Structures are given as C-alpha cells and as structure tokens.
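For 1-275, the entry in TrEMBL reads domain 'Deacetylase sirtuin-type'. Positions annotated as active site, proton acceptor by TrEMBL: H123. Residues or ranges marked as Zn(2+) binding site in TrEMBL: C131, C134, C167, C170.
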Amino acid sequence: MDTREAWSTFADKLRASQRVLCLVGAGLSAPSGLDTWRGSNGLWNDINLRDLASPNKFFEDPVTVWTFYGERLVKTLAAQPNLAHHALAALATGHEGWLTINQNVDGLLEQTEHPMTRLLGIHGTLRTIRCTSCNYNTRIESPSDVPFLLLLSTQLRSVTLSDLPRCPVCTKLLRPGVVWFGEMLAAGAPDTIDDWISQDDVDLVIAVGTSLEVYPATEWVEAVRESGASLAIINTEKTDRLVDELNDDDWFFEGDAADILPRILDLVTYRHHAKSSPAALSSSVSGACSLKRTLLPSS
Ligand SMILES: [Zn+2]
C-alpha cells in the first residue's frame, strides 16, 4: 500500500482496536537528546554495552560502569519529555484497553499525563540509586544531590574509586537503579504483563523506537502476534528483526517518533472515556511475583 493508505489503514485499525500493547524503547527519548547509549562523543563506542550493563562488570570495574551511568543520569536530569512522549500519553489516555511497556530508564514518559495504570516500566530507573548491600535507596532530583554526579557534570577531573557514591547506612557502594542483563525485571511487571495479555485478545502491538531484540519484551510481542495481533513499528531505521516478517496487516513507519506519534494522534479521534476504570490491570499489579524473569539479549 502507498504511504497515504498506510496512515489511513493504521488509524482505522487503532480506532477499532479494543486492546493495544505498546512497547517503547530508546527511540522515544532520542528527540529529548538522550540518544547517547552509544555515545555522542564516541567515548563509549568501543565498549560492549551488553558487557557494561552487568553486575559482574560493575563489581570488576565500578569506576567505568558508574561513569557511564552517571553521565546518562546527568543528561537525563536535564532532559524534558518530547512530542513523542506527550502524544503517546494522549493516545494511552484515550484508549481504555491500552498498556505501555516502557524499556526506558529515563523517567521522561512518567513525567507526562500517561495514565500510570496503563504504564509499566520493566528496566528500573536511572533516577534512583541504591545500595549494593542493604536496602537503602534514594531518588535523585539534581546532580547536586550526589557529589559524584556534580564531579561528572563539571568534568573538573577524572573519576576515581573514592569518588563513587557510598551508602550512608552501611558504607558499601551505591549502584544505579537500573536492571542489568541477568537481573530480574522490575518487581511484578512480567506477571502483570502476562496477566494483561492473557485476559483477552490483543488487537494491535505498537513498537516505538525499539530494536525488538531484548528478551523478554520480544517474547511478549511474539506471543500476541501469534494470537493474531497486527504489528506497527515506528523507528528511524528499517533494521528491526521483525520488519522482514511484516504482513499485509502490519505497518512500518520510518522516522522520528516525535514526528510520527503526534501525526497518529491527529489522525485518531477518540471518544472521551472520562471515567475509565483502572480495569483489571491495577488489581493484578499487586499479584504475586512468582516468575523470576530476567533481562537477556534474545538469541
Ligand atoms: Zn547500604
């Protein structure tokens, strides 16, 4: 189908879909200036990020790992939600049967009007740092909250082990509050997502700015695809593994999420559901966390 027809058929599908699963990744926050996982200054280009994002690497070389995440955190604290975040929040608000799975750790989507009962973060957050030994954790609002972050933001000198933040309770090293490869996803999130998916058919999956290459997110997408959901991918590059598998009932929108999501929002006019109930999602949030799902690169 041509481009105009694609927009039109997608808008029709979105309007008609009772249940929509939306998976978002780094491409959603790129327009906020956070497209730097691979390093805008080239500093991190030679480092295998999958190795960096691991507990083993942290204990082996905490200065390198903390410097990477500390720089991310300083940038994140200065960033604002962009048009893509706000458009997504509006789409989720207008759609009772919506669930967003957020793979980002920057907290920007959480700063929008996105209904919290329809949003699940699975990879933790940069904005909380926690103790590697006891239960201490603290929320970071500004680089000035932590001398280490202030040092990174001023770049007066390079970081040493003695600069890294330590627990005020037990003096052990603090660490970023993100989920590393091999660690459990955010408590309860996988079960909540499984429950939501199993409640009824999912009509549409929208993947925004994500490579769809990290388990278990890719598993959820494949599960709902197998039970008949259409797939729409929004990404700057056509490199997604799944693009080759797209059917006639699927869509690929190539471009910046901050251009595409507002356009989709314009095309879709929802009736207002002013008093939508939190639905079954909120009740299942308190459900048991029996499955120990961990973050793994998909094979
Ligand atoms: Zn501690």
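Cβ atoms are placed via backbone N, Cα and C, with glycine included.
Other Cβ atoms within 10 Å of the Cβ of C167 (Zn(2+) binding site), summed over all protein chains shown, number 20. Checking the recorded positions H123, C134, C167 against ligand 1, the ones with a C-beta less than 6 Å from an atom of that molecule are C134, C167. Within 10 Å of the Cβ of C170 (Zn(2+) binding site) there are 12 other Cβ atoms, across all protein chains. The CA atom of C170 (Zn(2+) binding site) is located 26 Å away from the CA atom of the residue listed as 'active site, proton acceptor'. Other Cβ atoms within 10 Å of the Cβ of H123 (active site, proton acceptor) number 23 in total over all chains.
Here the C-alpha separation of C131 (Zn(2+) binding site) and H123 (active site, proton acceptor) works out to 17 Å. Within the same chain, residues at least six positions away from C134 (Zn(2+) binding site) with a Cβ under 8 Å of its Cβ are C167, V169, C170, K172. If you draw a 10 Å sphere around the CB of C131 (Zn(2+) binding site), it holds 20 other CB atoms from the protein chains shown.
On the 0 to 100 pLDDT scale, the model's mean across the domain 'Deacetylase sirtuin-type' (1-275) is 88. Compute the center of the Cβ atoms of C131, C134, C167, C170, which mark the site for Zn(2+); besides them, the chain residues with Cβ within 8 Å of that center are T132, S133, N135, Y136, P168, V169, T171, K172, L174.
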